[in-house]
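A.B. asks: Residues annotated as transmembrane segment in TrEMBL: 12-31, 315-334. Residues or ranges marked as domain 'Glutamine amidotransferase type-2' in TrEMBL: 24-236. According to TrEMBL, the active site, nucleophile annotation covers Cys24. The annotation domain 'SIS' is assigned in TrEMBL to 305-455, 476-617. TrEMBL lists Lys622 with the feature active site, for Fru-6P isomerization activity.
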Amino acid sequence: MSDIGEENDILAYGSIFCYILEMCGIIGYIGKKQALPILLKGLRDLEYRGYDSAGIALINDGKIERVREVGKVDMLVKKIDGHKFPGNIGIAHTRWATHGGVTEKNAHPHIAGEGKLVLAHNGIIENYRELKKKVKGPFESETDTEILAKWIFLNYKGDLSQAVKKALLSVRGTYGLAVMHADHPDEIVAARLGSPLVIGIGKDEYYLASDVTPIIPYTKQVTYLDDGEVAVINRKDLKIFNLKDEQITKGITKIDWNTEKAQKGGFETFMLKEIFDQPTVFEDAIRGRIDMKEGTAKLGGLNMSPEEMQKIKRIILIACGTAFYACMAARYAFERLSGIPTEVDVSSEFRYRDPIVDEHTLIFAVSQSGETIDTIMALREAKRKGGVVRGIVNVVGSTIARETGAGTYIHAGPELAVASTKAYTNMVAILLLYALQFGRLHHTTVSTGQRMLQELLEIPEKINKILKNSDNIKILAKKYKDYENFLFLGRGVNYPVVLEGSHKLKEISYIHSEAYPAGEMKHGANALLSKNFPVLVVMTQNQLYEKIKSNVEEVRARKSEIIVIATESDKSAKELSDDIIYVPKTMELLEPLLNTIPLQLFAYHIAAMLHRDVDRPRNLAKSVTVE
Ligand code: F6R
């Protein structure tokens, strides 16, 4: 992965800093066995991370042999089709593009030095332009990885590990990488900064991979590389250095996971893993997309000049399900920061209601899969009517990404559980950045912008804090799991939060639940309240705090059990509730980023205790491609 296709791209999705550290997969082998079958199986084991192309390279008879192919690993196997690639040292890579062309030339491994050196890499080289001036063309691909390969080769003076260490001293960015050189058929050099790598230790053999999944069929003994470390692996031993060339002693970890558990990162389900992925993928979503000096966002994928942005008089966010709730959560920021009237519509309604759209209307089609038919049809309708349409999408190259032609990838990585969690959080993050970018062209001041960005930077740590409370939320889940109905209440920015929380609970636990704006209760829903109808209220300390507090008093008078999500150390919320979950304080507009997380965990733990198939709830599909 790690493309630099931006300059050449027809699609203007994102910017050069759009990258995901977790997604692509590296596998390497050095030992006595034939490397090819190990590498191909390893690639298959890593496919769950997402893929669009794959490649392998082996050293045989002092020469590097390489095969790459677009598509699934099966396509690569088909291309290899019976050709023998003998050799007992090799590296391989599955790529999951974040932008830029999905082509064979962009697939890894990349070569340098007329095929002498080969490199597989996850991450991004931020100063690739600088390095590009120092190395020699021609360049086969649009990737920064190829430049890195050439840069390492330029530093090569007969010792591969020294070349890697020296080259990396002047690299800015992130990497998990594996390098081989035809003249060193006994050595793989690996390095890590920001993108995971683990080394499996066998008898006179070593495995190298982005996670333990492809390693565990062969050995349970592993060593994790840490940031700033370089591993020099040969058949007989493994040495680990820092970039100052000092040798480091590392411990060995024993893994007792099976492949399935390893793919889930040790979690019971993909959904739980994805909930816990959120701090990391949130960082991926905002990295390189903020301009602290100007107090604004820089989402190049919008593909509009400030003058064109100024002409936008109305914004419409269209989406389905969880993506729709993400849009609702961000609407407050659009209106408050930019003053531009912003509507949110369910795609299946928008497409049939003959919407009023003109060339001053900007429509964001928001979708994790990028394949939701209702959203595709809605964006076509918006285009037909002359609107300016952009995509906010997770899956690169999906239909919505292609049909909108410009927009932003949310970089949540593959989301495999049907119930969306990390994609929601990253959608909200990107929408908030857009709201700020528009806001700064209107009445939002630089200091408000800076404050919001600072708060955004603190979100991953705050999400982590909430995740640490998962076991306490599990205890609550045990208490509440047998109720047949739930009511979720919120106001303002927390109304969409409870809609999403209630949606999650329904989807995966099959318990009936409804979400209401708390101020609306007295107009009907109060009639539902009784001892057997627990109410979950999100009442963090924002401008509507006092209002929702009195709503909760009314609920209390009707004897319902009350679970409250409140701001840390809010004692009066505790007095109002039977049970309380605290969340850290943040700026009001950012609250959905935090307040949704305990609701995801609450729904998750209830569903798990009820033995539901959490990753694949009944009657639901991950990608809804039919109307
Ligand atoms: C909820 C969920 C669905 C999707 C909806 C839209 O957890 O997964 O409600 O959010 O089907 O899907 P995308 O975002 O792929 O357009």
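Using the three backbone atoms N, Cα and C, a Cβ is placed for every residue, glycine included.
Buried or exposed, and what's around them? Tell me for each listed feature.
C.D. replies: Averaged over the domain 'Glutamine amidotransferase type-2' (24-236), the predicted model has a pLDDT of 92.
The local packing around Cys24 (active site, nucleophile), expressed as other Cβ atoms within 10 Å of its Cβ over all shown chains, amounts to 31.
Nonlocal intrachain contacts for the transmembrane segment (315-334), taken as residues 6+ away from its ends with a CB within less than 8 angstroms of a stretch CB, comprise 340-348, 350, 355, 357, 361-368, 372, 374-375, 378-379, 382, 387, 419-420, 423-424, 427-428, 431-432, 434-436, 438-439, 492-493, 495-497, 499-500, 503-504, 589, 592, 596, 624.
In sequence order, Ser369, Glu415, Leu416, Val418 constitute the residues six or more apart from Lys622 (active site, for Fru-6P isomerization activity) in its chain with CB-CB distances below 8 Å.
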A.B. asks: Do you know the DSSP helix, strand and coil residue counts for the domain 'SIS' (476-617)?
C.D. replies: 72 helix, 27 strand, 43 coil
